[in-house]
Structures are given as C-alpha cells and as structure tokens.
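Asker: Okay, handing you the structure first.
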Amino acid sequence: MTFLINSPPLSAIDKALPLKGPNPFDIPPDSEMLEKRDKENEQLAILHRKMVKTKLMDRSFSSLPPLQAHSRRAARSQIDNSNGMNVQPPAAEHQQRQQMHEFIDQKREIFLVQLLIDRKNKEIQRIQNTRQAEKNNIVEEGNKIAEISNQYKMTQNQIEAELQREKKTLDQAIKRRTDLQKELKKKTVFVDAVSSEIARNWETLKSYQTYRDFLACFVSKDKPTKNDVMEYFQIPQTLMDEIEKVENENLFLLHHCQELTNEQEAARENISGAIDHAQGESDVIQNSMNKLKDVKEIVYNVHDSVDAETKALEVQVNKLAKIVTLTYDECFNESADVNTLTRLERIEIEFEEMYLQASQISESFIIQKQSEKDKKRREEQRKAKNEELQKEQARKHKQALLRAQMPLKRKVGRPCNERTLPNRLNRNQIDQKQKLLEEAAQDHFLYGEISD
C-alpha cells in the first residue's frame, strides 16, 4: 500500500529553514552564468594577448607554477616569525640544503630548456617537412605548367598551321573571285552592247515600219503584206509616180477648197446682209411691241396659265443662249453683237466645213504626223529615263562611298573603330600593277560593289 504525502514546495522549505551559508546546491540564474562565462572569456583573451606579447623563453617559464620548496620555506619562515622563534639551523645543514635546492633548480631549468629545445626541434622538423611538401607541390605545379604550356604551344602551332591554310584558301578564293568578276564585267559589257544594238535596231525597225505602212497605202489590196509591197515597188519610178499622183490630187483638193472658201465668203457676205435686214425688221417689231405694252397689260390677266409656261421656256432659252455664247467665244475667240441664232448658225457652218476638210485629209498624212509625235514622245521619254538612271547611279555611288567611310556598327557596347587591314609582308617581288590589282580585289571582296 502506498500513501500519498502532501509535502510543501521546496521554495517554502527554503524560506522556513534559513541557512547560515549559501546553499551549495542552489543553481544560479542564466543571466549570472552568462555574465560569469563572459568574464572568464575576457580573462582568457587578456592572458592570450599577454602570452603573445611576451618572448618565447619568458612565455615558457612564466607558464610554470612556482617551486614548492621556496613556498614551503617562506611559509616556514612566516610561521617561525609568527611564533616569535628566531632559531637558526646549523650552518653545514643549511648550506647543504641550499646547494641541494640550487642543484634541483638547475636540473629543473636544464630539463625545461631541453623540453623547449625538443619542442623547437619538432617545430623545425615540421616546418622543414612543410617546406619540402611545398617544394614538391611547386615542382609538381611546375611540371603541370610545363605540360600545359607544351599543350598550348602545340595547339598554337596547329592553329597557326590552320590559319596559314585558311589564308592560302582565302587568297585562292580572292583570285578566283577576281577572275570571275573580270569575266562577269566582260559579259556585262557584251550584254550592254548587244542590248544597245537591239534597242537601236528596234528604233530603226519602227521607223521602217512607218515607211512600210506609208508604202502600203499605195498598194491596191485591202491588207497588203510585206511581199506585196516589195513586189509593187520594185522600181523607184513607181513610187515617184504614186507620189506625183497624190500631189496632183492634193492640188486638186486645194484648188477645190479655195473655190469653196471663196463661195463661203460670198455666202457669208450675203448672210451678213440678210442678218442686217433681219435686225432692222427686228427693231421695227420691237418698236411695235413697245407700242403694244398697254395691250399686253390688259391681256395679262387673261393669259395667266400661259405665262408660267412662257417663263419656263424663257429660262431654258436663256440657258441655251448662255451655252451658245460661251461656245461661240471659245471657238472664235471673239465677241460679236449678234443674236443667239446667228451665233448658232455660224458654229454649225464652221463644224460642217471642218468635217469636210477632215474627210479630205489623207489617212497616210495623219499616220505620218501621229508617228512623228510618237517618235518625239519616245525620244523625250528615253532622255528622261536616261537622266533618271544617271541620277540614281550618282546617288547610289555617293551612298556607297559614305557607307565605305563609316565604321562598322556593333551592338556589344564597345567603341567603334575604323576597319583596318593587317600588314602583310610580300616576300615575292611583283610589279606595282599586280599589287594594285590585288588590293582592288581585296577591297571589292571586303566591301562589295560600289553601285550596290
């Protein structure tokens, strides 16, 4: 059977039973322990700094505890002095003890020095071993460096050999490109010459085509071919006869046209007289109408429905009269004080005369004039096109020169430097012309055509 005893807490017991001294089992709080530990660490740091500042010999002897004999003798002398006893030992025994203590002190010092020497020897041996290991490491690193340098040299030799091969290949490619460019220039010049010859022949063909069309007008067939024209005009006299025939017809037409012109002038004079007579009659009628104004005012109320139609007709008549007047002024470049009907009759007569004269003009003459205008227009177009091409070539040449003088654009943030070529040593003696050709080929290979 177990019995539970209700005991008070330890803090209550401690308060109830006060002790004479501190409780050895009482654990201090954490703050005091941390402060104590910090103080101990500070003391150790101070001692360490002192040891570092002291010499090696002093550091070794100062770390040893004091001799017990000296401390024991000092304690004994203090006890004797405290007891008031001034008894001194015998001289021989005291001297023997003094020698023994000195001998022990010497042995102790010798032993400590020997320990120090052994320690220093071990440190020297360790330093020598470290130096030897470092020397071995240095030798190994030197061997590695030599091996790596040999590898670098071999790689550099391989790169230089590859560079020489690539340079040789580049020179061959430049030479081949130069030859191909020369061949291309020759072919381009030949093609340009052939193209110009074709264009010139084409212009000649067009001019001859107009001549053939002119000669085809004299052939009696509806659609004569080239062979028909050549067969018809085998003799130059045939062409001369045809031209003389056309001239006679033209003279006949001109004579007949002159007669018609004279008749037109006579008719125009008669018409002018008739117009003047009609104008006089119109004035008489106008006077009569002025006299009948009073009568019109009386009749106005009767004919209201007729006046609306009359106004619309008057508006249309006025509009047509304006159109006829403008047409008359544009056609004849003059303004006459005649009525609209007279102007309209004159315009109609002039149109009929123009149509009659246009029908009398030969079709070949019209074709010839049209061909001359077309030829002039083509010549102007060709000149304008040549001027545009020259301007475009000059612009491209200027742009190419500017591009060649500008530095290369880089996007890596480094400064842009002008493009330079490496200095090449030519051991073979070549003439100046070949050297200039090679430099031109190299510039062309690097920068391209100027006209691009």
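The backbone N, Cα and C atoms fix where each Cβ goes, glycine too.
Keep in mind that TrEMBL annotations are predicted by a computer and have not been checked by a curator.
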Asker: Per TrEMBL, which of 38-66, 67-95, 125-153 is region 'Disordered'?
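Answerer: That would be 67-95, the stretch labelled region 'Disordered' in TrEMBL.
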Asker: Taking helix as H, G and I and strand as E and B in DSSP, count the residues of the domain 'DUF4200' (103-219) in helix, strand and coil.
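Answerer: Secondary-structure composition of the domain 'DUF4200' (103-219): 114 helix, 0 strand, 3 coil.
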Asker: Helix, strand, coil residue numbers for the compositional bias 'Basic and acidic residues' (371-393) per DSSP?
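Answerer: Result for the compositional bias 'Basic and acidic residues' (371-393), in helix, strand, coil order: 23 helix, 0 strand, 0 coil.
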